[in-house]
Every structure is written in C-alpha cells, then in structure tokens.
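Here's the structure we're looking at; comments come further down.
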Amino acid sequence: MTRVLHTGDTHIGYQQYNSPERRRDFLEGFRNVVDDAVEDDVDAVIHAGDLFHDRRPSLVDLQGTVDVLRTLADADIPFLAVVGNHESKRDAQWLDLFADLGLATRLGADPVVVDDVAVYGLDFVPRSRRDDLEYVFEPVPDAADHATLVSHGLFEPFAHADWDTETVLAESPVDFDAVLLGDNHDPGTAEVLDTWVTYCGSTERASASEREDRGYNLVDFADDGVGISRRGLDSTREFVFVDVELAADEGVDRVRERVRQHDLADAVVIVTVDGEGRPIAPAAIEELAIDRGALVARVNDRRDLPDEDDDVSVSFADPDDAVRERVRELGLSEAALEIDETVRSGDLADANVRESVERRVRDLLEDGESAFEPAPEREPGDEDVTTVADQLAAESDSATDAAADGDGAADPDTTASAADANTDTDVATDADTGAADDAGDEPADADTASLGDFA
Ligand SMILES: [Mn+2]
C-alpha cells in the first residue's frame, strides 16, 4: 500500500486581519502538517496549490517554507506540488526554485512515480484559457499500479465549481484512480466517472466563512482500491463565532452579553449580527473582545436596517461611496481606477498604501500594459464629463445641506453606519478569499483583480 498526505491552500504569507500573528499561523499550519507527515512516515506529501498567499512572499516566509521543506527532505519524504492561482507568476514559479534546491518536485504531464503510484499534475489554468486546454498526459509507467492527478481550481461537483471534472477525466488519456484537488477551502470527496475526486481543505481559516475544523487528507492506494480519510488539525488558531439574532427592542447590550459568554483568549472573534434591533457601533464590540483577550475581533452586521431619514443618509452617510461611484464615471484607465480604489480604501492602513500601490502597479505591468491605456477621448462639453473637483464640491454642498438640516439625530446615526460599512467591506473581502477562494481570480485578468487579491 502507498500512503500519501494530501494538503493544499496553505496560504503562507497571508497577514490576515493585518495581524503578524496570523501571518505566522499560516506558516505554522504548514509546519504542523509536515510534522504529522514525518511522524506517520507517509510515502509522499502532495500539495494541491496555493502554498503561498500571493506571488511575492516575503523573505521571512520563504525562509520558513524552506526550513519546513528541509524537514521533509531530511526524512526522505518527497514533496510533490502544483501551482495555484494565488501564487502563480508569469515566468518561473517558486516551486521551481524549491525543485532546484532539491526540496520539491513540480508535477506535470510526465508522471512522478511514488512506490506504485504515478502522480500527474495540472497547474491552475484561468477560465479564459480552459477551452483550448488539452488534457495530455504521458502513459502510466509499467512500474505503477495506480495513477492520480493533482490540480488546483474549482471542480465539479463541489460548490462554486466552474471546471467540468467529467471533461477532464474523459479527455485525459490516463485512467486516474483519484483526483487530489486544491482551491476550494472546504474539504469534500465525491465520485465522478468511477474516480474519487477530493478537496483536502485549507490548513488555516483564510476567511471567516471557513467555520469547519481545518485538516488534510490521507490517501491510501491499495490493491483493492483507493481509500481517502481525513485528519483534523487541532493546532489551528481558535476562531470564536458569535452569532447574534437581535429582537426589535435589543441593541448593543445584547451583543455585549453574548460576546462575554465565550472564552476569547488569543482567538479570532467573528461577531455576526442579524435580525432587527437598534443600530450598533462595531468598534465598541471589537474593543470589548480585545479587552477580553481576543487576538482580533470583527463585527459583521448583516441587518438591513431601515434608514430613518433617507434623504439625509443617501447624500451624507457615505461620501466615499459617492466619490468612488463618480470616479468610475471619469473614464480612467483600469490601472488608475485600481490605484484610486487602493488609496481610498478604508481597509488598508495608511502606512501600507504606498507598498500596496507599488505592488499593484508591478502586477499590472507584469500582465501587460493594457491596464494603462489612456481614458477614452471626451469633449469638455460632454454632459457626463466631470472632474474630481466637481465631485468634491458637490459632496461638500450636500454635506452642508445635511448639516443645515437641523436634524441632530442624523450625525451619530450616519457615523455609525459609516463604521458599519467599513466593517462590512472588511468581512466581505475576507469572504472573497474564502470557500470559493476567489472563484474569479485569474491573475492575468486585471479586471477581475480586487483589493482582496493583494491585501
Ligand atoms: Mn486557496
């Protein structure tokens, strides 16, 4: 029997919630999986992509990764991997460097034989390039009794799927016993055309939507078939999910009470508010959680609270949104729009703006220069031509109107909803990298990139 450990979506280098501790957690997750592999003396560790959270891991993350890979190499356990969407670079991949160092093998159309299993790989391929994709694999060597394909993407029949597994299996000349996948952070196993297809799930929660325990797969190739079992990781960062359904007469006190019922020490605390009730200021809840020892706290207010004064809140509640909307209408290049978005983003600490913009521009340049094409020509007389200055003037006019409205209640209310909006964006961005793991994230397509891709 041949036993391999199937892991993926490690996302090393992800500074989730802007927390250096979280960044270390993702590397530790990888270390813990590898330690288990060594203890169990598996025949290989197979990584299904997204070892790194982005294509430019820091030196510290790279050093940590090399250190973990060396542990495996010292134990004579091969590390076989494919490239995922998050880490994919234009030319050579990090994986190639690790291969040069003798610490990894990059899988492809030529099989790597582990005992009696031929292991093939297929890197993540953006949707736009899948129609022309030919599933060409070299024949299974005589020495192998089994064949398995390792890939990264959102495959049928799992949630958010956009890649047809039946097509892959039917068009491949090799008859695979199992397909070992990464990209969907939720683990799952299914049978397609008599082949086992399985996701191992991520090893740390890359988003608040990943509520289930994290883990990896152990895959046994035996004479009587393939066995897939799942093992949980008990070393992951504790996440405390506080879900509060507010009644009409309830507010922040009820949320506080529910938060106090949990042990929050060193945990990431996700408070989700639903139902009815009074508006709440997320900052007060987050402070309470931090006071009680939480590492990070986030409030996600899912209520659709009616505005008490629509006229005022539409013009005044979120001037950032209004400006953003109008800037889009200016016909700026893709690159300019993204930079504007980055500079304005409330999710990004001011200290990180310069680095983020620099990185984004570098990414865009790497992907070609189409994003920098100038805005379409327009005559100054065109009705839809406006300038940022016009917008700002218009904004300050309406703000003055609102202030002059004499409605004292408007101020605290709108302050609270602006804070809500920020928190919502934060959580939503995290969710984007979650279970679906950037379903539309194709590095080559500048128009599908979002702030979340490099946050
Ligand atoms: Mn991933």
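These residue numbers are counts, starting from 1, taken along the chain as shown.
From the backbone N, Cα and C atoms, a Cβ is placed for every residue, glycine too.
Taken from TrEMBL, the feature domain 'Calcineurin-like phosphoesterase' covers 3-186.
For His11 (Mn(2+) 1 binding site), the Cβ neighbour count at a 10 Å cut-off comes to 29, with all displayed protein chains included. The DSSP secondary structure for His11 (Mn(2+) 1 binding site) is coil. Per TrEMBL, Mn(2+) 1 binding site is recorded for Asp9, His11, Asp50, His185.
The annotation Mn(2+) 2 binding site is assigned in TrEMBL to Asp50, Asn85, His152. All protein chains shown were included, and the count of other CB atoms within 10 Å of the CB of Asp50 (Mn(2+) 1 binding site) stands at 29.
In the three-state DSSP scheme, His86 (active site, proton donor) is classed as coil. If you draw a 10 Å sphere around the CB of His86 (active site, proton donor), it holds 27 other CB atoms from the protein chains shown. Residues or ranges marked as active site, proton donor by TrEMBL: His86.
According to TrEMBL, the feature region 'Disordered' maps to 366-455.
Annotation comment: TrEMBL describes 393-437 as compositional bias 'Low complexity'.
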Candidates His11, Asp50, His86, His185 (recorded positions) - the one closest to His152 (Mn(2+) 2 binding site) by CA: Asp50
Which of His152, His185, the listed binding-site residues, has fewest other Cβ atoms within 10 Å: His185
Mean of pLDDT values spanning the domain 'Calcineurin-like phosphoesterase' (3-186): 97
Inter-residue C-alpha distance, His11 (Mn(2+) 1 binding site) and Asn85 (Mn(2+) 2 binding site) (nearest angstrom): 11
Residue pair Asp9 (Mn(2+) 1 binding site), Asn85 (Mn(2+) 2 binding site) - Cα distance, angstrom, rounded: 10
Contacting binding-site residues, sequence order - Asp9, Asp50, Asn85, His152 vs ligand 1, Cβ under 6 Å: Asp9, Asp50
Distance [Cα-Cα, Å, rounded] between His86 (active site, proton donor) and Asp50 (Mn(2+) 1 binding site): 6
Pairwise Cα distance for Asn85 (Mn(2+) 2 binding site)/His185 (Mn(2+) 1 binding site) [Å, integer]: 13
